[in-house]
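Peer 1: Have a look at this one before I ask anything.
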Amino acid sequence: MTAMFLGRGLLAGLLAGLLAGAFAFAFGEPAVDRAIELERLSSAGHPHAHGGDGELFGRTAQRVGLFFATGVFGVTVGGIFGLVYALLRGYLRAGDEWGRSLTLAAAGFLAVFLIPFVKYPANPPTVGDPETIGARTAAYYAMVGISLLVVFLGWMAARRLRERGVSAPVRQVLVVAGCAAAVGVAFALLPGSPDPGGFPAGLLWEFRLSAFGTQAVFWAALGAIFGLIGERRARETGRSAA
């Protein structure tokens with residue numbers, strides 16, 4: 001069974017990654033192009049700037065690589081999604097494969113992307129000091145790890161409270177308040193996001209919205225495709241049993 005869910009996750013992840021790549025290509029690449037052009041114009045005013053001469057890959061290669069990157073990301077996350085689904089399938093309250101898949105995908109979107117995004121919103125490549133990229137990357141992944149832990153513990157707490165007969169409104173308020181407090185502490189302790197400086201606000205938010213949309217498309221597609229495959233498998237199994 002685990003191998004079946006793993007294979008389903010790999011396929012769903014690949015397709016979701018390619019869909020996310022198409023969204024990023026359509027809505028994110030124009031903002032990246034304008035950010036790079038802005039950086040070139042800024043560098044042209046500095047006598048020691050090298051402009052775009054140091055680019056290892058051209059923009060055409062980078063655009064092709066975008067789909068490769070989102071595909072690899074999708075396969076990786078999809079495989080993990082399938083394994084986690086196999087582990088937690090019996091504990092997810094939704095009554096069918098479709099509902100369970102969408103529930104897990106929504107939790108993944110919240111923990112892996114949305115909460116860290118609030119603390120560290122996406123920035124164009126030209127924003128931030130290149131010398132601090134290592135520290136910023138470490139802080140971001142620390143936030144992802146904390147977010148995953150908080151969401152998992154919140155889910156466990158909700159289960160325990162439900163088993164003890166706590167009403168749904170009280171249970172939900174307690175869990176949301178506890179998770180919000182834990183995330184707030186993490187936000188306060190971790191370093192802040194880099195200052196965009198004089199980067200145009202409109203272009204900055206266009207880039208961030210495209211990053212948000214790309215992840216939303218990925219997680220929605222992952223949950224939907226994984227769930228649809230599961231529903232089809234369940235129908236085939238039901239017909240065979242009949």
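Glycine too: its Cβ is placed from the backbone N, Cα and C atoms.
As annotated in TrEMBL:
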type: TRANSMEM; residues: 66-88; note: transmembrane segment
type: TRANSMEM; residues: 100-118; note: transmembrane segment
type: TRANSMEM; residues: 138-158; note: transmembrane segment
type: TRANSMEM; residues: 170-190; note: transmembrane segment
type: TRANSMEM; residues: 210-229; note: transmembrane segment
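Map these features onto the structure and tell me what's around them.
Peer 2: Residues 77, 81, 84-85, 88-89, 92-94, 140, 143-144, 147-148, 150-152, 155, 183, 187, 211-212, 215-216, 219-220, 222-224, 226-227, 230 of the same chain sit 6 or more residues outside the transmembrane segment (100-118) yet have a Cβ under 8 Å from a Cβ within it.
Counting same-chain residues at least six beyond the ends of the transmembrane segment (138-158), those with a Cβ under 8 angstroms from any Cβ of the stretch are 107, 110-112, 115-116, 119-120, 171-172, 174-176, 178-179, 182-183, 186, 190-191.
Here the transmembrane segment (210-229) has Cβ contacts under 8 Å with residues 8-9, 11-13, 15-17, 19-20, 23-24, 27-28, 31, 70, 73-74, 77-78, 81-82, 85, 97-102, 104-106, 108-109, 113-114, 117, 121-122 of the same chain, all six or more residues outside its ends.
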Peer 1: What parts of the chain pack near the transmembrane segment (170-190), using Cβ distances under 8 Å and only residues at least 6 beyond its ends?
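Peer 2: 115, 118-119, 139, 142-143, 146-147, 150-151, 153-154, 157-158, 161-162.
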